[in-house]
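So the structure is just underneath, and the comments pick up after that.
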Amino acid sequence: MAFAIASALTSTLTLSTSRVQNPTQRRPHVASTSSTGGRLMRERLVVVRAGKEVSSVCEPLPPDRPLWFPGSSPPEWLDGSLPGDFGFDPLGLGSDPDTLKWFAQAELIHSRWAMLAVTGIIIPECLERLGFIENFSWYDAGSREYFADSTTLFVAQMVLMGWAEGRRWADLIKPGSVDIEPKYPHKVNPKPDVGYPGGLWFDFMMWGRGSPEPVMVLRTKEIKNGRLAMLAFLGFCFQATYTSQDPIENLMAHLADPGHCNVFSAFTSH
């Protein structure tokens with residue numbers, strides 16, 4: 001719910017350049033060729049580790065990036081700096097910088113929720129087909145009996161989500177104000193990046209701390225999968241409303257009879 005970022009490349013180049021430009025810097029005595037190789041390996045390891053400690057800003061997409069309509073010209077406010085920017089804004093909704101920033105964060109959080117929702121629908125249905133659970137149906141899950149009554153669950157969810165969303169809102173207004181990563185006085189600390197908290201809890205594999213270009217690739221993959229998940233969830237809602245069936249059940253029926261079991265048959269049968 002809570003939703004990495006100076007340049008690792010710059011950090012690496014700075015460390016390397018400082019060694020070249022400061023020849024008077026004291027170095028440990030080298031006794032043999034093998035120890036020289038070991039020292040160089042240790043220096044390279046230090047450089048790599050130093051780069052991993054600073055999260056990277058996304059590398060903006062080039063001017064010739066793919067656009068939603070080939071041959072079109074993107075609006076000036078969509079300059080390729082946002083993940084998943086294909087120049088699509090026909091109504092000019094993102095012309096205001098503050099509004100564009102809000103839209104980007106709103107799309108990001110809705111994408112993540114949609115990916116969680118689609119996963120939470122598909123996996124239980126697969127488990128039901130494998131015989132691990134019985135009588136699963138995601139669209140009437142709210143009417144089931146749980147360990148507490150619906151009012152208690154609703155209040156608990158509102159309190160927990162309110163706390164997390166409040167912190168996310170504070171981070172949007174003042175980036176880094178709710179950062180939970182520890183700061184070290186003798187190390188280059190990552191700068192805050194709204195929507196990508198990183199750290200042990202949200203980036204334990206440190207994928208968001210590479211060089212800028214791979215970071216942009218990963219974030220673009222996330223937003224593209226999130227957009228697909230939002231469309232998938234709308235499709236699940238449509239299926240549940242018109243067929244009262246689950247997604248995999250609808251998929252199996254469509255594969256068995258594509259000509260008669262499709263989206264058009266849902267309209268003609270009602």
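Any Cβ shown, glycine's included, is placed from N, Cα and C.
Annotation comment: Swiss-Prot describes W68 as chlorophyll b 1 binding site, evidence class similarity to another entry. If you look up Swiss-Prot, you'll see F88, E107, R227 marked as chlorophyll a 1 binding site, on the strength of similarity to another entry. Under the heading chlorophyll b 2 binding site, Swiss-Prot lists R112. Residues annotated as chlorophyll b 3 binding site in Swiss-Prot: E165. Annotated chlorophyll b 4 binding site per Swiss-Prot: R168, in sequence order, evidence recorded as similarity to another entry. Per Swiss-Prot, chlorophyll a 5 binding site is recorded for K221, Q239. Annotation source Swiss-Prot lists chlorophyll a 3 binding site at E222, citing similarity to another entry. The chlorophyll a 4 binding site annotation in Swiss-Prot covers N225 and is backed by similarity to another entry. Annotation source Swiss-Prot lists chlorophyll a 6 binding site at H254. The compositional bias 'Polar residues' annotation in Swiss-Prot covers 19-36. Look at Swiss-Prot and you will find 16-36 tagged as region 'Disordered'. Residues or ranges marked as transit peptide by Swiss-Prot on the basis of similarity to another entry: 1-33. Look at Swiss-Prot and you will find 146-164, 228-244 tagged as transmembrane segment, backed by sequence analysis.
Features recorded in Swiss-Prot, as mapped to the structure shown.
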residue : record                       : contacts (Cβ under 8 Å, 6+ apart)
W68     : chlorophyll b 1 binding site : F86, G87, F88
E107    : chlorophyll a 1 binding site : I223, G226, R227
K221    : chlorophyll a 5 binding site : none
E222    : chlorophyll a 3 binding site : P83, S111
Q239    : chlorophyll a 5 binding site : Q245, D246, P247, N250
H254    : chlorophyll a 6 binding site : C261, N262
Rounded Cα-Cα span from the residue listed as 'chlorophyll a 4 binding site' to R112 (chlorophyll b 2 binding site), Å: 9
Cα distance (Å, whole number) from N225 (chlorophyll a 4 binding site) to E165 (chlorophyll b 3 binding site): 22
All-chain count of other Cβ atoms within 10 Å of the residue listed as 'chlorophyll a 4 binding site': 17
Three-state secondary structure, R227 (chlorophyll a 1 binding site) (per DSSP): helix
Neighbour tally for R168 (chlorophyll b 4 binding site), based on other Cβ positions within 10 Å of its Cβ: 18
Sorted by sequence, non-F88, E107, R227 residues with Cβ within 8 Å of centre, chlorophyll a 1: G84, I223
Number of other Cβ atoms within 10 Å of the Cβ of R112 (chlorophyll b 2 binding site) across all protein chains: 18
Alpha-carbon spacing, the residue listed as 'chlorophyll a 4 binding site' to the residue listed as 'chlorophyll b 4 binding site', which is rounded to whole Å: 22
Neighbouring C-beta atoms (10 Å sphere around the C-beta of F88 (chlorophyll a 1 binding site)): 14
